[in-house]
Amino acid sequence: MKTRGFSFPRQRQVLFLFLFWGVSLAGSGFGRYSVTEETEKGSFVVNLAKDLGLAEGKLAARGTRVVSDDNKQYLLLDSHTGNLLTNEKLDREKLCGPKEPCMLYFQILMDDPFQIYRAELRVRDINDHSPVFRHKEMVLKISENTAEGTAFRLERAQDPDEGHNSIQNYTISPNSFFHIKISGSDEGMIYPELVLDKALDREEQEELSLTLTALDGGSPSRSGTSTIRIVVLDVNDNAPQFAQALYETQAPENSPVGSRIVKVSAGDADSGVNAEVSYSFFDASEDILTTFQINPSSGEIFLRELLDYELVNSYKRNIQAMDGGGLSARCTVLIKVLDSNDNPPELIISSLSNSVAENSPGIVLAVFKIKDRDSGENGKTICYVQDNLPFFLKPSVDNFYILMTEGALDRESKAEYNITITVTDLGTPRLKTEHSITLQVSDVNDNAPAFTQTSYTLFVRENNSPALHVGSVSPTDGDSGTNAQVTYSLLPPQDPHLPLASLVSINADNGHLFALRSLDYEALQAFEFRVGATDRGSPALSSEALVRVLVLDANDNSPFVLYPLQNGSAPCTELVPRAAEPGYLVTKVVAVDGDSGQNAWLSYQLLKATEPGLFGVWAHNGEVRTARLLSERDAAKHRLVVLVKDNGEPPRSATATLHVLLVDGFSQPYLPLPEAAPAQAQADSLTVYLVVALASVSSLFLLSVLLFVAVRLCRRSRAASVGRCSVPEGPFPGHLVDVSGTGTLFQSYQYEVCLTGGSETGEFKFLKPITRHLPPHRVGKEIEENSTLHNSFGFNY
């Protein structure tokens, strides 16, 4: 059965080794600086602006920042002055330990264009530590037969300082048996050796006490002391002997605590107590004693705490074997730590932008560095982002990567991206690190306001109250923030005569439209204008829509009676012969209404009458006709009030007053009609025109009557008595009462008229009618027509 290997996306993968190939962006360089340890925070290191050859203020303009390899801010950059300062008090011994020189590596990152400058800071040592012996007392067991010149290696003192400030010399207190000899080691350290100058005699002196002093090279010099107690032993002929001078072994860094690392073994040719060998670390440092422990009887070395290849990859120390007689031997143990894939890759963000403007391709979003503390295949890494996102990774120097936009983004399509940067090593098992970035796409004003309709139709009933809200326009804008805030305005009308500014207004913030004044349907039925919507982006975008306003008619005009004229002058009097048949047309009431539609539909009805049932009014055309045959008992004078009503809601009405005079002969005296009370009415321009027209017609009519009377007077041969006048002959004007032009009055009726002498009121009297002598067939026909009229007409009583 095959086991499939770990797979990764083929795109956007970046494989690199810690031995970087030198891929770099333009402008990369290398700088070396130094600072003394223990300097105060804010101490000056260098002026980067001058060192990089940049003008003042350029560092700030390019967003310069300092990033260290271990992501700790040891340094602080003042981008305005260009000074690089210490961000904390630096302790060389804590930062680097025994390593010399002590170097801190960092990078200087700049944008526009993006550049990386590599740099290093050396922390110079000062003599701030004194030499210290691990043991305040050292015990040496020396046989009394030890030859002169024999050297005994002593434990060296520890001094964290380096270079000239480290231990430079050892001295011994004055005595007659020993002196100090300085010897070096492969690691560059010096060790004190105690050299025997004079043979010891146990019988004379069993013990000696000496003081060992370690001196460093600082100024002033520092020192540390330890007491050496020498025990003089009886003769021990053989010292222990190790099987190997060098024990070399390997230990995986993930070895558990308590694991046996190696076993050393020494033999002694003596017997008894002198052959009993014990093992110990010789001149061991603190890290050896905390990491390993040795069994003094068996020589087995065990792991005391976990190993870390990334901290220490090997240990080399001396093991001492001492017999019971005080003789000793030493061997060297070299422990090599084997790397295991126990460290996931590290992703260190140097700069990050959580927002990017849409329509901006090739923008740097993040700069980060990848580290893997493992080695070999365990330290090789793959870095990638999701395939379905418009972003890519670009490698730079020193394991730096740049996250950039691949193309233009569209906020209206997607306003937020969750980007996951994944770094995986190639070790076994493979370890990975993920870092998520939430990116907000900021808006660019790339969408103009869009109206939901290209045109709007609004309806406003006339006689509205001023400042009435008549409607709204509501465009949408795909942008956000200020780019989506819309301001409304009225555009200049195409009709220059339209007083748009006095008709409507628009709320600039919400698009509400208001009628500024009361509209009159009779003056303005409809008008149109354009509304503009402009956003507050930069540059601003706009659109427009057409608005049509239709004024709805209200029943605000009462009917106006054109005939008979109701203007307060002498009332109109209609003459009706008593011989008139039912349905005889007396007159026609003519009225108009300034409204439209059903508000202008007029109906007529008889509101009041002197004698109900005698006259009727046609409901649809206002014709006043007789409803029955007239009799001698009917009064001669009649007053009719006709109601003219429109079809509005509520309906409006007007009245017309008619005076009807029944005549049947000229012998009857004239009864003066009562004067009509002048009506108070406001005449508009139409009324004036109608009055002028009626006055002209009346003048012509009066002139005709006078001519008619004169002719009749001339023809009469007999003198008239008092109150009487000659009966004229000839036709009576047919248009006297039928102002509507229907011509329905019988032409067979004619009247004699005479003016009374001295009359100041201009009254005229109607006398008896003169009936023409018609042919018999014509009279019968007229009677038949009158009978038909009586039966076929309908009336309102």
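Glycine is treated like the rest: Cβ placed from N, Cα and C.
Note: the domain 'Cadherin 1' (35-133) comprises 14 helix, 37 strand, 48 coil (DSSP; helix = H, G, I, strand = E, B). As annotated by Swiss-Prot, domain 'Cadherin 1' applies to 35-133, with the evidence given as sequence analysis.
With helix defined as DSSP H, G or I and strand as E or B, the domain 'Cadherin 2' (138-242) counts 3 helix, 53 strand, 49 coil. According to Swiss-Prot, the feature domain 'Cadherin 2' maps to 138-242, an assignment based on sequence analysis.
Residue counts for the domain 'Cadherin 3' (247-347) under DSSP (helix as H, G, I; strand as E, B; rest coil) come to 10 helix, 46 strand, 45 coil. What Swiss-Prot records for 247-347 is domain 'Cadherin 3', and it gives sequence analysis as the kind of evidence.
Per Swiss-Prot, domain 'Cadherin 4' is recorded for 352-451.
Residues or ranges marked as domain 'Cadherin 5' by Swiss-Prot on the basis of sequence analysis: 456-561.
Per-residue pLDDT, averaged across the domain 'Cadherin 6' (568-671), gives 87. Positions annotated as domain 'Cadherin 6' by Swiss-Prot: 568-671.
The feature N-linked glycosylation site is assigned by Swiss-Prot to Asn169 (among others), with sequence analysis given as support. Around the Cβ of Asn169 (N-linked glycosylation site), the same chain contributes Ile182, Ala214, Leu215, each under 8 angstroms and 6 or more positions distant in sequence.
The N-linked glycosylation site annotation in Swiss-Prot covers Asn418 (among others). All protein chains included, Asn418 (N-linked glycosylation site) registers 10 other Cβ atoms within 10 Å of its own Cβ. Under DSSP, Asn418 (N-linked glycosylation site) is assigned to a strand (E or B) in the three-state scheme.
DSSP assigns Asn567 (N-linked glycosylation site) to coil, not to a helix or a strand. According to Swiss-Prot, the N-linked glycosylation site annotation covers Asn567 (among others), on the basis of sequence analysis.
What Swiss-Prot records for 1-26 is signal peptide.
Taken from Swiss-Prot, the feature topological domain 'Extracellular' covers 27-690.
The annotation topological domain 'Cytoplasmic' is assigned in Swiss-Prot to 712-797.
According to Swiss-Prot, the transmembrane segment annotation covers 691-711, on the basis of sequence analysis.
Taking the Cβ of Asn567 (N-linked glycosylation site) as centre and 10 Å as the limit, one finds 14 other Cβ atoms among all the protein chains shown. Between the alpha carbons (Cα) of Asn567 (N-linked glycosylation site) and Asn418 (N-linked glycosylation site) lies a span of roughly 87 Å.
Note on the domain 'Cadherin 4' (352-451): DSSP counts are 4 helix, 50 strand, 46 coil.
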